[in-house]
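Trainee: Quick paste from TrEMBL:
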- 1-24: signal peptide (SIGNAL)
- 146-168: transmembrane segment (TRANSMEM)
- 205-230: transmembrane segment (TRANSMEM)
- 250-275: transmembrane segment (TRANSMEM)
- 306-323: transmembrane segment (TRANSMEM)
- 335-361: transmembrane segment (TRANSMEM)
- 354-415: domain 'Mechanosensitive ion channel MscS' (DOMAIN)
- 426-507: domain 'Mechanosensitive ion channel MscS C-terminal' (DOMAIN)
Amino acid sequence: MGHRGIIRLAGMLLALLMVNSGWAAEPRLEPTEQERAQTLTLFHEPIVMLQAKFGRLDGAARVRIVKERVRQLQPEDLTHPVTVVSSTRLGQEAREFRIHDKHLLVLLEKDLEWLDELTLDQAAERVRLRLENVRIKVLELHSNAYLIKAAGKTVLVTLIFLVVVQLLRRGHLRARRWFANNLLQQKGLIPHQWRQVLGNLEIRVIGVFTLLVILLLTYGWLTYVLGLFPHTRVWSEQLGSSLLGLCSDILSGIIAAMPGLATVLVIFVLTKLFIRMLAVIFERIERGQFRVQGLHSETIGATRRLLSVVIWLFALTVAYPYLPGADSDAFKGVSVFFGLMVTLGSAGIMNHAMSGLVLIYSRALRPGDLVQIGEVEGVVTELSALSTKLVTRHDHEVTLPNAVVVGGKVTNLSRLSSDKGIALLTKVTIGYDTPWRQVHAMLELAARRCQLINQEEAPLVRQLNLQDWYVEYELQVRMKEGLLPGPVRTELHGHIQDVFNEFGVQIMSPNFVAQPEQAVLVPQENWYQAPAVPPAEVATGEKGKK
């Protein structure tokens, strides 16, 4: 390096002298204006903060004197290392920094703060290393051999980086094709029925993983390349320290969270074991091995679920303080959000949920029961916490909110049927000119002709009302097991009409308007007017032969 090169090098070193963020012997996070004025920075790197008075000179004046001494350095001075000499100045212990035996600056003991927890020698050594680092950077910046070597390393590392990225891209494409082929063949770790919701989850996971790897490689490549050149080395150090700081924070957070997570795990395991113990007890109660007053087979499932929810909520309440970040603003925001959701939806949901508990524990109905709720009649297929579902005789599913069920009239048609069969009721009105004993006999005869009625149980006829023009009779029969009222009622009504027509008795249901001159009957010879077909002809096929 020639004489002019050394002069340019010294001029650049002087130009890099600036006041920056607050450093004393050690860094300050939030420096004041005075601390900025007292801080010496070289090559974007804070060196020292001269805050003590030296005679009549304050810290800012001492910094200006150091800058003047740098201007007076000869070019060949930068080729020598920085040295430290112990001395005493104005009755204060000091450390002098020299380059090629030329005085550069003085570090006094009062420049240090007790918070730094450093001795004067320790602080002086750190300042010397910073000055030496800056001197080497300036020399490297004007060393053609070093710059050529750094450029070659940059090209080589960049080529390796591009090759690795290309290999990752090709591997990602091959993985996409492989998983897509498995998806067509319905193979993979995820069950096929879940694919409609999750889709090709493996491809998305591999895509995210590949992107993260490329981002990390880019970060490392950029950090390494910037560190090769003196002008950008400070950025490389900042990137490296940021990544190391992030990893350190994550690792520290994991280590700090381990005791809390261990406590949460213990609470979870104990809660799980307790719920399993309750499940065993409830299973034995359901089988009849145990008997507990107030618990019935209909309420075992609801009681088990209710206790499980209460126990898990209690466990979550106990474990919440031990969760990582439980005191953070994010957790507080989530708590406020869930509290708002519960407040807005609690009125309706809790009303239906409490109504569901009333239905379950009152044992008013259960799945499989034939019930009538208001005007809806059907078989109960589901009794959940919020609603009750029925299947009607029209094969329609009707969903009733539990609050509506509790607020209305519930008639359980099958609860007391036992082995007799479900009771089926129908009504007819017959005039006073027909003996009631004859009506009883005809209704009983019609019941005995039904194939869908349990003939082991005798039909029961009641006289409900004596109206102005007729008597209201009620017939009660028992259906065979497993039948719905619709088809049984249809068959029974047909036989009632046939029997009353056979004996010439007029049915006056549902309303009587005027007494006709002749009884309103259908003669037996007209029972099978076209297109109706007599049962005998249907069985033998004679109707088709004609």
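Just so it is clear, glycine is given a Cβ too, placed from its N, Cα and C backbone atoms.
Let's see these features in context: how buried, what's close, how far.
Mentor: Counting residues 6+ beyond its ends, the transmembrane segment (146-168) has Cβ neighbours under 8 Å at 140, 210, 213-214, 217-218, 221, 224-225, 228-229 in the same chain.
Nonlocal intrachain contacts for the transmembrane segment (205-230), taken as residues 6+ away from its ends with a CB within less than 8 angstroms of a stretch CB, comprise 43, 137-138, 140-141, 147, 150, 153-154, 157-158, 161, 164-165, 168-169, 171-172, 175-176, 179, 236-237, 239-240, 243.
Same-chain neighbours of the transmembrane segment (250-275): 308, 311-312, 315, 318-319, 322-324, counting only residues six or more beyond its ends whose CB sits under 8 Å from a CB of the stretch.
Listed by sequence, the residues of this chain that lie at least six past the ends of the transmembrane segment (306-323) yet keep a Cβ under 8 A from its Cβ atoms are 259-261, 263-264, 267-268, 270-271, 274-275, 278, 331, 357.
Predicted-model confidence for the domain 'Mechanosensitive ion channel MscS C-terminal' (426-507) is 90, expressed as mean pLDDT.
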